[in-house]
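Report on one structure; see the data block that follows.
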Amino acid sequence: STMRKKKTTDSPHSSTDLNEGKENLRLKQEVGLISGVSLIAGTMIGSGIFMSPEWVLHHMGSPASSLLIWAACGLLAMFGALSYAELGTIIKESGGEYIYILRIFGSFPAFLFAYTSVILVRPAGLAAVCLSFAEYAVAPFYPGCSSPQVVVKCTAAACILLLTIINCLNVRLATSIMNVFTAAKLLALLVIVVGGLVLLAKGQTQSFQNAFQNTTAGIGAVGVAFYQGLWSYDGWNNLNYVTEELKKPEVTLPRAVMIAIPLVTCLYLLVNVSYLAAMTPSELLSSGAVAVTWGDKVLGSWAWLISLSVALSTFGSSNGTFFSGGRVCYIAAREGHMPDILSMAHVRCLTPSPALLFTSAMSLIMIISGSFTSIVNFFSFIAWFFYGMTISGLLYLKIKKPELPRSYKVPIIIPIIVLVAAVYLVLAPIIDQPQIEILYIVLFIFSGIILYFPLVRFKCHPRFLQRVTLYLQLFLEVAPTTRDAN
């Protein structure tokens with residue numbers, strides 16, 4: 001059968017027993033419903049809603065069509081997350097797309113996903129969000145001029161190091177920070193929403209007159225507008241990366257999705273309405289940072305609160321990205337697709353600290369080099385390529401393996417819609433505006449073939465790597481882990 005069976009005996013790289021059969025070392029199940037909602041909403045609400053609205057409006061041409069794009073992006077994220085919720089109740093393992101591709105399609109495509117995600121996508125995304133945080137955090141110290149890049153990069157690096165310490169020390173501490181920052185950013189968005197409603201009550205509705213005028217109908221423009229909107233919704237799938245750390249995942253996963261994504265979608269729509277109530281479309285398009293311009297117009301001397309809110313929002317989002325991104329590296333290593341050391345957990349803190357440290361190191365390299373910007377611009381291209389592959393795997397299981405036990409089922413039309421959208425989002429920019437960077441990304445993905453066959457398929461591991469692994473185990477105080485027997 002195509003569905004790959006789990007290993008019945010644990011291999012050295014996947015798990016081990018401590019003290020000859022005593023308690024196994026595994027990650028704690030610390031993530032409940034509230035923390036799950038916070039992880040999804042807290043990661044989704046980053047810098048996007050404060051920066052992307054002008055670009056969605058730019059590509060769509062009219063306020064009403066841009067609002068439709070925001071609603072459609074929320075609906076697509078909801079459909080994707082509901083599809084992933086069913087996958088999470090069939091394959092109750094952490095790792096998100098990686099573990100689903102591995103169990104359904106096999107080792108090679110799963111390795112290509114892990115290689116691309118661990119080396120490029122996750123670190124670049126984390127670096128981008130931390131740089132956004134740094135821009136807003138240092139801006140008050142340089143009024144009237146742009147902040148020095150050295151200061152911004154050092155602040156971003158400090159942010160990554162702080163997140164590394166927090167996430168390596170304690171899962172509960174990391175989730176508590178997510179909860180607090182999610183509450184703070186929701187409060188900030190509510191301030192914008194209430195301000196917009198007050199402006200509408202006062203009759204500032206000029207932006208909504210002839211709201212569909214100048215709408216763009218091109219396939220490519222709509223696709224790029226979707227990319228901008230979906231960047232703000234990125235994180236809808238994050239809870240699937242930590243399935244093994246969920247309390248009652250078969251219940252918590254679908255419930256958290258059904259609470260978090262509609263909440264974020266409603267907030268995004270209301271915030272966009274508030275922006276359009278405070279500014280004309282032309283003012284919004286000329287704004288470098290929409291939320292800051294809104295604050296200057298509506299809050300006056302209290303406008304600094306918006307800069308503070310964006311800084312808090314991006315810090316909370318980067319914490320969620322870091323929390324889930326480190327798990328991809330950890331799970332891939334546990335399956336033998338990354339070095340063994342990355343599959344280990346701290347013997348006292350019970351956190352995947354080697355994987356988190358590796359993700360942190362790669363993100364710091366991205367920040368120092370500063371050459372990741374063009375790659376991040378094509379983040380959606382890579383993401384939706386693998387989202388499409390994962391959703392096609394769900395459709396295969398629904399059609400060919402209906403007997404598999406699952407506590408939650410999504411109607412088959414929903415993953416079909418998501419798959420069609422994924423194909424569109426991957427092909428639209430290639431057909432409409434082909435760019436050489438997309439070729440570079442495809443070549444990078446398939447460069448993993450060079451590593452897969454000697455290191456994974458034929459297991460040609462140099463002996464010195466085993467010695468390095470042993471020394472790192474002793475230095476980092478880590479040990480191999482076992483899967484959670486869900």
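Cβ atoms are placed via backbone N, Cα and C, with glycine included.
Where the annotation comes from TrEMBL, it is an automatic prediction and has not been curated.
Summarising the annotation, TrEMBL assigns region 'Disordered' to 1-21.
Residues annotated as transmembrane segment in TrEMBL: 31-52 (among others). Same-chain residues lying 6+ beyond the ends of the transmembrane segment (31-52) with a Cβ under 8 Å from its Cβ atoms: 77, 81, 129, 132-133, 171, 175, 178-179, 181-182, 185-186, 189, 228-229, 231-236, 238-239, 242, 245-247, 252-253, 255-257, 259-261, 263-264, 267-268, 271, 289-292, 306, 310, 313-314, 316-321, 323-324.
Annotation comment: TrEMBL describes 64-85 (among others) as transmembrane segment. Listed as Cβ neighbours of the transmembrane segment (64-85) (distance under 8 Å, sequence separation of 6 or more from its ends, same chain) are residues 40, 44, 53, 56-57, 96, 208, 211-212, 215-216, 222, 225-226, 229-230, 232-233, 236-237, 240, 253-254, 257-258, 261-262, 264-265, 268-269, 272-273, 387, 390-391, 394, 408, 410, 414-415, 417-418, 421.
As annotated by TrEMBL, transmembrane segment applies to 97-118 (among others).
What TrEMBL lists as transmembrane segment is 154-174 (among others).
The transmembrane segment annotation in TrEMBL covers 180-201 (among others).
Long-range contacts of the transmembrane segment (256-278) within the same chain, counting only residues at least 6 positions beyond its ends with a Cβ under 8 Å from a Cβ of the stretch, are 33, 36-37, 39-41, 44-45, 49, 53, 63, 66-67, 70-71, 74-75, 77-78, 81-82, 84-85, 186, 189-190, 192-193, 195-197, 199-200, 204-205, 207-208, 232-233, 236, 239, 284, 290-291, 294, 297-298. Sequence annotations record features per position, and here TrEMBL assigns transmembrane segment to 256-278 (among others).
Proximity of distant same-chain residues to the transmembrane segment (298-317), defined by a Cβ-Cβ separation under 8 Å and at least 6 residues beyond the stretch ends, is recorded for 42-47, 50, 129-130, 132-133, 136-137, 139-140, 159, 177-178, 180-182, 184-185, 188, 191-192, 195, 199, 235, 278, 289, 291-292. Annotation source TrEMBL lists transmembrane segment at 298-317 (among others).
Feature annotation from TrEMBL assigns transmembrane segment to 354-372 (among others).
The transmembrane segment annotation in TrEMBL covers 378-397 (among others). Among residues of the same chain six or more beyond the transmembrane segment (378-397), those with a C-beta under 8 A of the stretch's C-beta atoms are 2-3, 80, 83-84, 86-87, 90, 97, 100-101, 104-105, 109, 113, 116-117, 120-121, 124-125, 227, 230-231, 234, 237, 404, 412, 415-416, 418-419, 421-423, 425-426, 429, 437-438, 441, 445.
Beyond the transmembrane segment (409-431), the same-chain residues lying 6 or more positions past its ends with a Cβ under 8 Å from any Cβ of the stretch are 76, 79-80, 82-83, 85-86, 219-220, 222-224, 226-227, 230, 380-381, 384-385, 387-388, 391-392, 394-395, 398, 438. The transmembrane segment annotation in TrEMBL covers 409-431 (among others).
The transmembrane segment annotation in TrEMBL covers 437-456 (among others).
Under 8 Å from some Cβ of the transmembrane segment (97-118) lie the Cβ atoms of residues 2-4, 6, 87, 91, 237, 240, 325, 328-329, 331-332, 335, 337-338, 358-359, 362, 382, 386-387, 389-390, 393-394, 396-397, 444-446, 448-449, 451-452, 456-457, all in the same chain and six or more residues away from its ends. Sequence-distant contacts of the transmembrane segment (154-174) (same chain, at least 6 residues past either end, Cβ-Cβ under 8 Å): 27-28, 30-31, 126-127, 130-131, 133-134, 137-138, 245, 315, 318-319, 322-323, 326, 346, 349-351, 353, 356-357, 360, 363-364, 367-368.
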